[in-house]
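A short worksheet on the structure shown next.
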């Protein structure tokens, strides 16, 4: 990627390409450094899912379709870069690419250029593959969390309708605390991964906008245009996928908070001397203060409002580039 400025003249495209590559390598480092924390949080998540929602699939039940999409995505990216590097712009790169090592000559310049292009291709594919793996991890964890919360809500609603509070209130308090601790553990383990994925998806989308307003002839061929369109669509789909799975956690948590209103109808049947009376108030207080959500690096809550924020960013970025160009 250190040679990308010799391949493309557009500064905006160069910057966004570097941002994508940096996000990919940063994501790999974060996943490696937090591997123990991620493993522990996912282990807790699996245990509570087996306990509260044993009949549900852990993760994404459409994982095979996701894997097929990523496979097609990798093939499309490889084809696009190989076509540009070794067919469309091969003669230009062979005559212009130079290693920034002074006082050192190569006997075979063509081999040197091939090495540079292959390294560039592998660095992009490595970052993209890491992002894809992290997306599958975050998406599966967020979907499992939302399923656990939804299952707990359904069971709690049934108990409120057909059982007396004193029969289960203490158990439900412990279960609620366990769910909250698991959500917080998963968020601590994956929030940086989610943040870097959003940075990468945003960079991929910005690449298309940057290429659309540039005058670089390299980016004006049919193959490159098709590649950029595919890049834009796939980045939007990935952005949509992780946002929806993350927002479901917050939405299920908000629905669970409303269960406290149903608990109030039981209060008329309780006596102050009843042991479950104080437990009920504690339970209602826990529900009222409930804040089940996942974040992107503790900087923002993953929710549907991100779609509006992304739209505003894209419009602003496009207008600024158009005016500068």
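Using the three backbone atoms N, Cα and C, a Cβ is placed for every residue, glycine included.
Automatic prediction, not curation, is the source of TrEMBL annotations.
According to TrEMBL:
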TRANSMEM  6-27  transmembrane segment
TRANSMEM  65-87  transmembrane segment
TRANSMEM  113-137  transmembrane segment
TRANSMEM  189-211  transmembrane segment
TRANSMEM  223-242  transmembrane segment
TRANSMEM  306-324  transmembrane segment
Positions whose Cβ lies under 8 angstroms from the transmembrane segment (113-137), at least six residues beyond its ends: 1, 3-4, 7, 17, 20-21, 23-25, 27-28, 31, 38, 60, 63, 66-67, 70, 73-74, 77-78, 81-82, 85-86, 93-94, 97, 99, 190, 193, 196-197, 200, 238, 241-242
Same-chain residue ranges lying at least 6 outside the transmembrane segment (223-242) that approach it to Cβ under 8 Å: 66, 69, 73, 76-77, 79-80, 83-84, 88, 135, 138-139, 142, 194, 197-198, 201-202, 204-205, 207-208, 211-212, 302, 307, 310
